[in-house]
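Colleague: Attaching a single structure in structure tokens format; questions to follow.
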Amino acid sequence: MKFKNKGLIIILSSPSGTGKSSLAKELLKIDNNLRLSISVTTRKPRLGEVDGINYYFKSDREFKTLVKQNKFLEYAKIYNDYYGTPKEYVKMLLKQGFDVLFDIDWQGVRSIKKNTNNVITIFILPPSIEILEQRLRNRATDNEETIKLRMQSAQNEISHANEYDYVVINDDFSQTLKKIHEIIVAERAKNFAYHEY
């Protein structure tokens, strides 16, 4: 008889510009049992993004076909684009015993928690709204209208932080990374099953 952890779904959410994507990237480097859930999206690729690695980029028509075929664990419209989590890919990783890391918003969290077990949710806050706005401006990837839209959306997203299992303030990147990894390790210790081989 061999002991093995069941795969967990670990969700990171935050307003845009809080460091969530950078934290996810570093978590994947330091934890060999984590795998990233790659979302399907209708948005255009940003500079340096690769189809099948960062996202699966699809047209609106292709995305809607996947919705009709019930291929998503969850999906939502964010800003003017659709994002969805491919169901079979996640199931395969969990079955292999990996923990699957998600980078999704509160709408996706609600949907996944309704349909799936072993879900751990972590909301990442900026130190302040003012610092968040400055981070968005420093990124220099969005125009003024998009920044205003992201700031409005941030207020809405932050209002859902109390729905998460954990809330972490990203005021120091390396400390925030350490806290999130400690949460994951502790949750694994609570979630194991034995399998006969």
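The backbone N, Cα and C atoms fix where each Cβ goes, glycine too.
Pulled from Swiss-Prot, these are the listed features:
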| type | residues | note |
| --- | --- | --- |
| DOMAIN | 7-185 | domain 'Guanylate kinase-like' |
| BINDING | SER14, PRO15, SER16, GLY17, THR18, GLY19, LYS20, SER21 | ATP binding site |
Colleague: Please compare the binding-site residues SER14, SER16, THR18, SER21 by how many other CB atoms fall within 10 Å of each one's CB, and tell me which has the fewest.
Modeller: SER21
Colleague: For the recorded ATP site, whose residues are SER14, PRO15, SER16, GLY17, THR18, GLY19, LYS20, SER21, find every other residue on that chain with a C-beta no more than 8 angstroms from the centre of their C-beta atoms, and list them by sequence position.
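Modeller: Filtered neighbour residues, in order: ILE124, PRO126, LEU132, ARG135, ASN170.
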Colleague: What same-chain residues, at least 6 away in sequence, bring their CB to under 8 Å of the CB of LYS20 (ATP binding site)?
Modeller: LEU12, SER13, SER14, ASP103, ILE124
Colleague: Restricting to the same chain and to sequence separations of six or more, state which residues have a Cβ under 8 Å from that of GLY17 (ATP binding site).
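Modeller: In sequence order, the residues whose Cβ lies under 8 Å from that of GLY17 (ATP binding site) (at least 6 apart) are PRO126, LEU132, GLU133, ARG135, LEU136, ARG139, ARG150, ALA154.
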Colleague: In sequence order, what residues of the same chain, 6+ apart, have a Cβ less than 8 Å from the Cβ of PRO15 (ATP binding site)?
Modeller: PRO126, LEU132, ARG150, SER153, ALA154, GLU157, ILE158
Colleague: For GLY19 (ATP binding site), what is the tally of other C-beta atoms lying within 10 angstroms of its C-beta?
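Modeller: A 10 Å sphere around the Cβ of GLY19 (ATP binding site) contains 18 other Cβ atoms.
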Colleague: Look up SER21 (ATP binding site) in the DSSP assignment and reduce it to helix, strand or coil.
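Modeller: Where SER21 (ATP binding site) sits, the three-state DSSP reduction gives helix.
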